[in-house]
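Colleague: My questions will all concern the structure given below.
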Amino acid sequence: MAANMYRVGDYVYFENSSSNPYLVRRIEELNKTANGNVEAKVVCLFRRRDISSSLNSLADSNAREFEEESKQPGVSEQQRHQLKHRELFLSRQFESLPATHIRGKCSVTLLNETDILNQYLDKEDCFFYSLVFDPVQKTLLADQGEIRVGCKFQAEIPDRLAEGESDNRNQQKMEMKVWDPDNPLTDRQIDQFLVVARAVGTFARALDCSSSIRQPSLHMSAAAASRDITLFHAMDTLQRNGYDLAKAMSTLVPQGGPVLCRDEMEEWSASEAMLFEEALEKYGKDFNDIRQDFLPWKSLASIVQFYYMWKTTDRYIQQKRLKAAEADSKLKQVYIPTYTKPNPNQIISVGSKPGMNGAGFQKGLTCESCHTTQSAQWYAWGPPNMQCRLCASCWIYWKKYGGLKTPTQLEGAARGTTEPHSRGHLSRPEAQSLSPYTTSANRAKLLAKNRQTFLLQTTKLTRLARRMCRDLLQPRRAARRPYAPINANAIKAECSIRLPKAAKTPLKIHPLVRLPLATIVKDLVAQAPLKPKTPRGTKTPINRNQLTQNRGLGGIMVKRSYETMAGAGVPFSANGRPLASGIRSSSQPAAKRQKLNPADAPNPVVFVATKDTRALRKALTHLEMRRAARRPNLPLKVKPTLMTVRPPVPLPASSHPASTNEPIVLED
């Protein structure tokens, strides 16, 4: 029962999602709501997976410095990987969560130089922290102060003087006497002078306009004049005047008016005092943060002095009593039963044996963390299309520590080529940036799974806006910049305004001429006619004339097909369909063919420039070239006079056989 009893100050696990790791929080308050439920006000602690990569690099450098200074024993890569899961970052962010979402207790300690990091791996539910994370400023700062050692920060203690040895140092330069206990005045005379000093201070506050506003009553003015700063000034006046009461009295009341001594309690306004109380409630006695966030116009010494004076006021005593009474009325502890509901990520296979559910889930897959194939329980992990899973022990580790036991290949470690890659805990840009480290077979599998078919279906109003608001939409310019945002609301509003005023004439529709099926079949057959088989032993002659043939203008600006760019053509049969894999066409040479992987298809298209295209580029004007670039799928119409036809270069007689339509093959 003690394990399910949670008190204020405990570090606990909170579950906000069935598939995400637990949240580590510290209970600050337990409050009962109006409907009877219990809510916990908690302090947020963050994992490494919750902060940016730049802050992770900063944490790594801090960890290396700690290991060097504390002389930590060496650890393996797997242990270092698991130690990152045990590191947390404290914050000053509070939130309220239902107490029913608590899933267990854990331990979080401040890392110090005497700790050995390996000990954290031997303990269950044990974490450490050394840095504080600010979710608003996105910064990491040290949680504990630094002790500065050296002659710049500490006083140099001189050697002890021997008996009878005199100190030759000038004491007047080293110290100043502020009070002489052997003065000629009696204690009664000193007390009477202090009473006169308080009366002078009260009279001075009555004459001061700002003080009369802050202390409107005589009682408050007398209380302010009785504080230490008035008494210290009176005793210092006696010391400076040689304990002559007449001279000291005339110093307290000069010709211009009585001397007014104020401390920090009087210098601060009521609004500044309220700000200080609010900051003290949020940050505690962290005066640097109080000054930085709430009172930047005050000095640190002024804030510290005001704090200790504020603790002597009646307001502080009343607040302290109210907080004590409120704390007594609040809950000190709460009992949360053990959570026994099944997890939605649990894999249940139909027809599996008892105790081995998930056995029929993609047989052959292993645990993404420990790579085991046997487990009493399996859990789905990562994106659904990845079909990744974790065993029972690795799932508990994932929920508690926010990572896998072993580093995956996407995290920089080397794994086997047959192991699946887990990307569920990475964002999409990180997974894409790490894809070169994967093998080609698994990368093709990932790409094939991620390619989803989608359909863009436009509404009637959108199709009307393309024509009516062409000046605002600029469809050609938008097509060249597909990632630039378009203000759809403004275009929709403008289209609604122009629609009633638009002409009612029907649009001219250009009918699409569709060729009959017989014509299409003839064209497909003509593209790849069957060739007679070449008998074995005969070498395919090389057509030297093909190397010097000029390319016609019709195929210069035509976009090349993927087969041409890939370096190997796809064979076609007589009916125009591509041949099945493994069947060699007669039109292809006997050289070794490379099977293309659809997942490795290149995204960019490469255009090879020849002498003809360069001459064509010079013949075109700038406007014609831009128009052709906007419509690369249309043939380019060029006047024959613009192109200079080169005379054919005579070739020497070749002893090779006649030219053939077979492609050129160069054997290695």
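Every residue, even glycine, has its Cβ placed from backbone N, Cα and C.
Note that this is a predicted model, so its numbers are computed, not measured.
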Colleague: Quick test of your reading of Swiss-Prot: among 339-360, 449-470, 537-558, 647-668, where does it put region 'Disordered'?
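Modeller: The listed stretch tagged region 'Disordered' in Swiss-Prot is 647-668.
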Colleague: Which residue among Ser17, Ser54, Ser91, Ser210 does Swiss-Prot mark as phosphoserine?
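Modeller: Going through Ser17, Ser54, Ser91, Ser210 one by one, Swiss-Prot annotates Ser54 as phosphoserine.
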Colleague: Pick from Lys298, Lys522, Lys611: which does Swiss-Prot describe as N6-acetyllysine?
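Modeller: Record lookup, Swiss-Prot, feature N6-acetyllysine, residue Lys522.
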Colleague: Within 10 angstroms of the C-beta of Lys152 (N6-acetyllysine), what count of other C-beta atoms is obtained when all protein chains are considered?
Modeller: 6
Colleague: Give the helix, strand or coil assignment DSSP yields for Ser54 (phosphoserine).
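Modeller: The residue in question, Ser54 (phosphoserine), is helix (DSSP, three-state).
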Colleague: In three-state terms from DSSP, label Lys522 (N6-acetyllysine) for me.
Modeller: helix
Colleague: Per DSSP, what is the residue tally for the domain 'BAH' (1-144) in helix, strand and coil?
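Modeller: When I sort the residues of the domain 'BAH' (1-144) into the three classes, I find 42 helix, 60 strand, 42 coil.
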Colleague: Lys152 (N6-acetyllysine) to Ser52 (phosphoserine): how many Å between their Cα atoms?
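Modeller: It is 37 Å, counting Cα to Cα.
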Colleague: Compare the C-alpha of Lys508 (SUMO2 cross-link) with the C-alpha of each of the modified residues Ser54, Lys460, Lys522, and give the closest one.
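Modeller: So, spelling it out, the nearest of the modified residues is Lys460.
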Colleague: Under DSSP, the zinc finger (367-394) has how many residues in helix, strand and coil?
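Modeller: Computed counts for the zinc finger (367-394) are 6 helix, 8 strand, 14 coil.
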Colleague: Provide the three-state secondary structure of Lys460 (N6-acetyllysine) computed with DSSP.
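Modeller: Reduced to three states, the DSSP call for Lys460 (N6-acetyllysine) is helix.
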